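Novice: Pasting a structure below so you can have a look.
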Amino acid sequence: MQFVPIAAKQLAYKIFVLCKLAKSEEQLAFEKQWLQGGHLWLAHRGGFTAVVREGDAEAGRIKVRVIQTGEIITVDEDDLEKANPPQLERAEDIASLRCLNECGALNLLRSRYSAGLYHARAGHAMLVLGPPKRTTPVYTEKVAAMFRGCRMDDMPPHVFAAAQSAHKCMLASRRDRAIVFLGRSGSGKTTAMRHCVWYLASVYAAQGSKLTPERLGAALDVLHIFGSSRTNSNTYASRFVSLTSLDFDGGGALVSASVQTLLPDFRPEQAHLRALHILFHGCDGRLRRELLLDQAPINAPNPYISCSEKADAPTEFIALKEAFQFLGVTEQEQMAVWKILAAICHLGWAGVVKGNTGLKYQFASTGCATRASRLLGVGVEELSRAVFAPPAPPSPQPAHALRTPSPSNERDLPGSDSLEAFVTGLYNETFNIVAALINRSISTSCRTSASILLVDTPGADNPLCAGQQSGAPLSKLLSNYLQERLQAVFHEAMLVAPRERYAQEGITLDDGTEEDWLSETVSPAPMVDLLDKSPQNSIVRSSQADLRDCDRRGLLWLLDEESMYPNSSDDTFLERVMTHYGPPNHTQYLIKKAPLVRQFSLQHLQGTNPVLYDVTGWVKASRENPVTKKAHALLQESQNEEIVRVWTWSRGACGTSTWSAAVGDASTLRRASSIRRTLTTGAAGMKRRSYALQTKFVADGIVDTLRRCGAGGVQFVCCLLTNQPREAADDVNVPLLRSQFRGFQLLEAARLYKQGFPEHMPLTEFARRYRLLATTEGENTEATNLSERQIVDDMLLTLDLDVTSYRLGLTQSQIRPGARDWHEKAQAQIAAGTFSDSIIQYLTQMSSPQTRKVQNRHS
């Protein structure tokens, strides 16, 4: 083997890089001409337009020529942004743009989407444009095989790259990792999550394991059918929070999985649930007769069943049954689920009228109620009492274990509200059964080393964007609140944590500005505090006169307090909210009173998504309806053996009606117990009847789980809507894309990534891992009397890296993106014939496809 001095190695590497980056004379001439041409972007409300500078006008104004029309106009200087050369229009990373500005970033995203490139990066954040179509060829096994074992720097932007990076970091650190999916409703978060699950199950499947990609796909299919509904903005809108845990053994193989379901919002009267729609319009023959649906009044209206899009229901129902069979769900277990769903359909036809017996209300159609009771295995009188009988007064309990009771007029609920609450309880029990059956199918007792947690929540929703003029209900506020909390985690990880790390290491950024990245105008913290700030003292309710003397509490806490007192109403709630946060308070820019009664607007996501809310019915909706729990007792007393067997088993497997955990997986149970502990201890345990505050405590548990992954342990996949549902799929709605881009703070994240040093490593680890590359033959590689900082400094000088591409902190080395491309450097030396034993020894320590090729060639 031939040995050469280190200087020859460095020269070979420089020649390799220069040849790779060399440009032809025509390319250089074109780029020079472009830069001298004065190409700019003119930003306006409808998007941006390409212009060329023609000259100055009065102060602060510039004359430009519109390239498309040739028209010369005078515009404000602040509305112009520098354009990038055409070869950067489809760059993979927004941070790689020469002129990093909003118009340039949006043009990059639009160009990539038009070319069928649905993924991009903004620093460490992965962007998905769409949602992509199911038939797109970028989610195939051939594409997945290209990502296996690769580093992030070697992979193009893709959701597979996010999954691969999380898996690689999990193996390196032996700690749990998480992938969080952010975006508006209909942007494709659930689809992106499923692509990540499919990739990890396909590429890292354990030999002989039952956990195949097909099984996981069937499990997610079933869960999504039972947990989604049709809305104005999304055909398959998720109605629950899912935490999908993929558990791996010490070798990185997938050996177990589980799904936790949190905050189910299944009120059939608000949106038509897909499972009910598919069952009624899809089943036929013997099953339809067994479910008594052949006797149903088909022409009568049913508030729980949609009459549109019936043609695809038979195909979807067959696929649902096949998915159940693939998961090992028996015919008896399936029949139990079908009977409960069919009973809900019959209750929708039963209706409510004033009672003429002992009950204040009764079913309008006795025949429909009788069919529902037969399916549930109870008597029709028992069913009527469960739905319409006033609840018994709660038994006295210690004061510290009780939440302040709700108003006494809860016992005089309208009959329609009682029926809706009972149906909601039945569907919640069905969903828990389905979740338990899924976890039974995909979880194992194999020993796991670490896990990847995928967090998918209902997306941010704005009814005005879907053409709905009425205000948003309480459920939309809670969905938007969850997105605010996750955006706060994104802000902390991408903007706050890097700046704090630089300050601790004594490193300053050469950005030439003193811009405050953490001001209130760009931080989600003020909006989060407005929504969920906890009370700091024992004052529960106070008059307007002494409001200034007590601390302010968040909107969710105010709603909970209003729901506890008699004579409270939606008007008093809104009045208290505006007194706390409206003018002349410093938070008035976040909340505004709408002209109409009982309406207000919140400036979500730094004002990029203003949502109009209508508080009508909020106080009642925030109270726990006692009839909901009667579904639990009714199923427990059912005479139907199929229902009792599967319901009893599912309750034992899940343990509670608000979450579902894996069966027999210790690592997943630890994670589930963390969430459960958050929901049942402290203030959360006292507020178990508060629908609004349960969302806060679930968000607290999710954030706490993400923090356990450690610094850099959470990856973000931002799903961006390119157009509204009613618009053409091939067009890009630039104003819509711009509002999401600003709301996610992607430009700020990309700018800090470009100007900063995102790659960091402790000095000791850096010296141990990369000393071989900076060592000449015969040189003693043992530690000297130099400090770790001096050793690393000498190594970087020997490697002849650009001094602007790295910084040495007090305990860590901070490196700019691309400066630590050690694999490419080693390959360049081998290609030039200047490799040495130290290089081969270094490559042996690495894990990548290139390493295996080198070992095979020089073994």
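Quick reminder: no glycine exception, Cβ is built from N, Cα and C everywhere.
TrEMBL annotations: computationally assigned, not manually curated.
Given the structure is predicted, the values throughout are model-derived calculations rather than measurements.
Below, the features straight out of TrEMBL:
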type	residues	note
DOMAIN	89-828	domain 'Myosin motor'
BINDING	GLY183, ARG184, SER185, GLY186, SER187, GLY188, LYS189, THR190	ATP binding site
REGION	389-415	region 'Disordered'
Novice: For the recorded ATP site, enumerate neighbouring residues of the same chain (Cβ within 8 Å of the Cβ centroid of GLY183, ARG184, SER185, GLY186, SER187, GLY188, LYS189, THR190, site residues themselves excluded), in sequence order.
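Specialist: Going along the sequence, the neighbours appear as PRO131, ASN234, GLY459, CYS719, LEU721.
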Novice: Select one residue from GLY183, GLY186, GLY188: among these binding-site residues, choose the one with the most other Cβ atoms within 10 Å of its Cβ.
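Specialist: Comparing the binding-site residues GLY183, GLY186, GLY188, the most crowded Cβ belongs to GLY183.
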Novice: For SER187 (ATP binding site), which residues of its chain lie six or more apart in sequence with Cβ-Cβ distance below 8 Å?
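Specialist: Listed in sequence order, they are VAL128, GLY130, PRO131, GLY459, CYS719, LEU720, LEU721, GLN740.
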Novice: Run through the Cβ atoms and count how many others sit within 10 Å of the one on ARG184 (ATP binding site).
Specialist: 26
Novice: Around LYS189 (ATP binding site), how many other CB atoms lie within 10 A of its CB?
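Specialist: The Cβ of LYS189 (ATP binding site) has 25 Cβ neighbours within 10 Å.
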